[in-house]
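Engineer: Below, the features straight out of Swiss-Prot:
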ACT_SITE  ASP313  active site, proton acceptor
BINDING   LYS22, SER23, ARG27, SER169, SER170, GLN171, SER197, ASP313, ASN336, LYS340  3-phosphoshikimate binding site
BINDING   LYS22, GLY96, ARG124, GLN171, ARG344, ARG386, LYS411  phosphoenolpyruvate binding site
Amino acid sequence: MESLTLQPIARVDGAINLPGSKSVSNRALLLAALACGKTVLMNLLDSDDVRHMLNALSALGINYTLSADRTRCDITGNGGALHAPGALELFLGNAGTAMRPLAAALCLGQNEIVLTGEPRMKERPIGHLVDSLRQGGANIDYLEQENYPPLRLRGGFTGGDIEVDGSVSSQFLTALLMTAPLAPEDTIIRVKGELVSKPYIDITLNLMKTFGVEIANHHYQQFVVKGGQKYHSPGRYLVEGDASSASYFLAAGAIKGGTVKVTGIGRKSMQGDIRFADVLEKMGATITWGDDFIACTRGELHAIDMDMNHIPDAAMTIATTALFAKGTTTLRNIYNWRVKETDRLFAMATELRKVGAEVEEGHDYIRITPPAKLQHADIGTYNDHRMAMCFSLVALSDTPVTILDPKCTAKTFPDYFEQLARMSTPA
C-alpha cells in the first residue's frame, strides 16, 4: 500500500484559497441539471464525488462542458425531472452527496434506474430515505441487503404527506426537499427524531432559493413544498470554498502558527462548518473573520467538552487537535460519524491510540487525553479522506507520522498534502 511520511513541522504560516465545497458542488450540479436554462458553476470542486455526480448526469442526457482544471462547469438544464433513455445503471462510488439526492430525484416520472457503488456505499444506510419516498408513491426495490444500496428505482413519486427520520443523516431530508418541488402534488415533510447536521439543511434551502424555489420551513420539524414548480438557472453561481477542508489549515494555525488564513469562506458563508473556528477560539486560538476569509493565530490550547452535532465533519479535526490541548477533550452527540465514509468513531479511536492517546470510545461520543509525547505510527485511513487529513496534524509535533493510502484525499481535496507542505516550515 502506498504511504506518505510527514516529517515534524515547526511552523505553519500563509494563506490558502480553498477548493469548492463538496456539499455545495453536488447540490448545485443536480439543481442546475433540473433547472430551466444554462448555468455556469465557478470554483466547482474537482474530486471523486463530483466526478460521480457528473458521470451520472451525463448518462441521464445532461450536456455540460468543463474547463481544463475542471473547476468551471457550463451545464444546460433539463427544465424538469431527469429521464433515462432506457434501463440504466449508475455507479456512484462512495459519494453520499450523489447517491441520496439522485435516489430521490430519479423517482420522479417513469424511469428504470439502478443506483450502486463501492462496497462501503453498500454499508451506508438509505432505508429511511426509501421509506419516505415510498410514502410519496415511489417504486423502489433493494437489490441486495434491505435498507442499503444498490437500489432499483421505477419512478412513481407524486408528493403528499411524508415522514422522514432526521436522526441518521440530514442528506435524506435534503434529497426529499430538492425533489419535492418537481412532484405533481404538494408535499408536506415531517421530521421524526432529532435532526442531525441541521446547518446542511440550510445549505440545501439556500441553494434551492438561488434556483428560484422557496419552501415553508416550520422550525425544521415540518416543511411544506408546493408541487408542479420549476427550478430556474441563476446564470452564474460561485461555489463557496469547502469549510470542512478549511478545518485542517485553521487547526494547523492554532497548533503551530504563525497565522493561517483560508479564503473562499467567511462570516457570510452558508456552511455550518465555519463554526469550527469558534471551537478553536474556545480552545485558546485567536480567530479573525472577514467576509471572504477566516484567519487563525496560534494560542495555548486547552481541552473542551462540547456537543458537536452541528459540525460533524469538522469535529473530526478537533479530535486530532485535542492531541495538542491541555487536559481531556470530549466530543459528544456524534453518532452519525458511524455512518459516514467509514465508522469514523471506531477509526478515530483506533488511530488516536496508535499515537499514544488515551481514548474512550462511546456509542455517540469520544473522549481523548493526549500523551506526554506522541508516538510515530502508521495511520490507517479506511479509504476516508478526512482520516488522512486529520492525522496529518500529528506532524505538528516533534514526531513524524506515516499516512497509509494518502491519495484517498481525492474525495474532496486531491492536492491537500502539497498545500500543507507549501505552508509548512520543517522542524
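Glycine too: its Cβ is placed from the backbone N, Cα and C atoms.
Not measured: the values here are computed from a predicted model.
Describe the structural context of each listed feature in the structure shown, including burial, neighbouring residues and relevant distances.
Structural biologist: Residue environment of ASP313 (active site, proton acceptor) contains 27 other Cβ atoms, counted within 10 Å of its Cβ in all protein chains.
Taking the Cβ of LYS22 (3-phosphoshikimate binding site) as centre and 10 Å as the limit, one finds 26 other Cβ atoms among all the protein chains shown.
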Engineer: I'd like to know which of the binding-site residues LYS22, ARG27, SER197, ASN336 sit within 10 A of ARG344 (phosphoenolpyruvate binding site) at the Cα level.
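Structural biologist: Near ARG344 (phosphoenolpyruvate binding site), where near means Cα within 10 Å, the binding-site residues are ASN336.
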Engineer: Give me the non-local Cβ neighbours of GLY96 (phosphoenolpyruvate binding site): same chain, 6+ apart in sequence, Cβ-Cβ under 8 Å, ordered along the sequence.
Structural biologist: MET121, ARG124, SER169, GLN171, LYS340
Engineer: Just report the maximum Cα pair distance in Å for the recorded 3-phosphoshikimate binders LYS22, SER23, ARG27, SER169, SER170, GLN171, SER197, ASP313, ASN336, LYS340, no decimals.
Structural biologist: 20
Engineer: Give me the CA-CA distance between SER170 (3-phosphoshikimate binding site) and ASP313 (active site, proton acceptor), in Å, as a whole number.
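Structural biologist: Approximately 13 Å lies between the Cα of SER170 (3-phosphoshikimate binding site) and that of ASP313 (active site, proton acceptor).
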Engineer: Name the residue among the binding-site residues ARG124, ARG386 whose Cβ has the smallest number of other Cβ atoms within 10 Å.
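Structural biologist: Selected from the binding-site residues ARG124, ARG386 on minimum Cβ neighbours within 10 Å: ARG124.
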Engineer: Just to verify a number: CA distance, LYS411 (phosphoenolpyruvate binding site) to ASP313 (active site, proton acceptor), in angstrom, no decimals.
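Structural biologist: With the alpha carbons as reference points, the distance is 14 Å.
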